[in-house]
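J.: Below is the structure I would like to discuss, written out as structure tokens.
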Amino acid sequence: MTDLPDSTRWQLWIVAFGFFMQSLDTTIVNTALPSMAQSLGESPLHMHMVIVSYVLTVAVMLPASGWLADKVGVRNIFFTAIVLFTLGSLFCALSGTLNELLLARALQGVGGAMMVPVGRLTVMKIVPREQYMAAMTFVTLPGQVGPLLGPALGGLLVEYASWHWIFLINIPVGIIGAIATLMLMPNYTMQTRRFDLSGFLLLAVGMAVLTLALDGSKGTGLSPLTIDGLVAVGVVALVLYLLHARNNNRALFSLKLFRTRTFSLGLAGSFAGRIGSGMLPFMTPVFLQIGLGFSPFHAGLMMIPMVLGSMGMKRIVVQVVNRFGYRRVLVATTLGLSLVTLLFMTTALLGWYYVLPFVLFLQGMVNSTRFSSMNTLTLKDLPDNLASSGNSLLSMIMQLSMSIGVTIAGLLLGLFGSQHVSIDSGTTQTVFMYTWLSMALIIALPAFIFARVPNDTHQNVAISRRKRSAQ
């Protein structure tokens, strides 16, 4: 990329900057949840909603981000994304109640939903096609560093300052990014088709109310009748979307996608698989602090081996899948992740703390292999004219399943524990033990889906898409 103009390189730095902000925020909050609960006078069992409100908002807003960028311009939308993310961070730091914090996190989520996909779109428009892969590697590298720094930085700020600083550090960074975006980034626009607003609203309502209903009376205090009403509204909204999308060429996500068997299996497996794995980044630091008495900084440091294992495994995933095939790899990694989850719980409760970094490193390796395999399986056989829509739907499902996973983890803690789990409680470790056992079972269940995947070992990761028209 050395032959790119200076202006283009600066624009790539701005996109990389946004990727770093968004990825850092996905992990920096987890370590601070117990301290937030104490400061806000809430039970730790309710704090999972701090994560859910952000991730669910990202899932809801993702389908609109690309259309908005084409319609209004990538610079305008990227600038708006940074401003909303920064304002959300400020309001998070100023929050005095859990409800205020949840609203501020939702505002952050609107910005986060637009930042990454619009950043990818910007790279496509400013660099030559032959340099696109190198440019994407450059801008996504900070996004890989964010999860590595997030847990430890969050723990450090909580332990030596306060939880408010995990949000306040975004403000000067966001101001610099917003100014640089206005000054340096071109405002590319494209002719767009009419946005499927009806489909967008139906999906948004369905996802939001079903997730809220899943949280149930344990997390929200809603009555059983209200929860039943939410479930009914959510199901009706999703059914109406299916009717809306049938034979509709302008639907947000075409139902023709599901005629490709590997896409259907991969999407179902990704949804179920990420529900289980989405629990782990939330539960691990909470368990280390509340269940075992680790300090926030120590708990954050313990998360680093998991990220390192994930980053290291990415280099050889292609060779592994090509050697053994999708079915064997996905079934093995799904069951393996369940076993590693049990191993982590066992070694932690036995007090073998020196073993935990190695277990978490192994967990990161297994999870990374499974994620990469699920992603490529889902998209590899889609025809060209459906590839973009399929990728957008996969991105939305990834975020939605993570929010559901965190919600279920909070629900399990509430089911097995009292309203106020604390380090001093004699039943705390028992509560966490039952929760981890339930999580291990949930993590293993998608193996039944992956067992149905054709085990073609010759065309696994080479996504040289054949030119086909959608049927």
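Placement of Cβ uses the backbone N, Cα and C atoms for every residue, glycine included.
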J.: Are W10 and R452 on one side of the membrane according to Swiss-Prot?
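T.: For W10 and R452, the topology recorded in Swiss-Prot gives opposite membrane sides.
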J.: Among the recorded stretches 49-69, 138-158, 263-283, which has the greatest number of Cβ pairs closer than 8 Å to the transmembrane segment (197-217)?
T.: 49-69
J.: Could you check whether the transmembrane segment (138-158) packs against the transmembrane segment (396-416) - three or more CB pairs closer than 8 Å, residues at least 6 apart in sequence?
T.: no
J.: Does the structure show the transmembrane segment (165-185) and the transmembrane segment (77-97) touching, where I'm treating 3 or more Cβ pairs under 8 angstroms (sequence separation 6 or more) as a contact?
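T.: As far as Cβ distances go (cut-off 8 Å, pairs 6 or more apart), the transmembrane segment (165-185) and the transmembrane segment (77-97) touch.
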J.: Can you say which of 12-32, 49-69, 77-97, 102-124 has the most Cβ pairs under 8 Å with the transmembrane segment (286-306)?
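T.: Looking only at 12-32, 49-69, 77-97, 102-124, the most contacts with the transmembrane segment (286-306) come from 12-32.
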J.: Taking a Cβ cut-off under 8 Å, which residues six or more beyond the ends of the topological domain 'Cytoplasmic' (159-164) line up next to it in the same chain?
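T.: Result: 32, 35-36, 39, 93, 295-297.
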J.: So which residues does the transmembrane segment (102-124) touch in its own chain, when a touch means Cβ under 8 Å and the partner is 6 or more beyond its ends?
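T.: For the transmembrane segment (102-124), the list is 11-12, 15, 18-19, 21-22, 25, 49-50, 53-62, 65-66, 68-70, 74, 77-78, 80-89, 91-92, 94-95, 132, 135-136, 139, 143, 185, 188, 392, 395.
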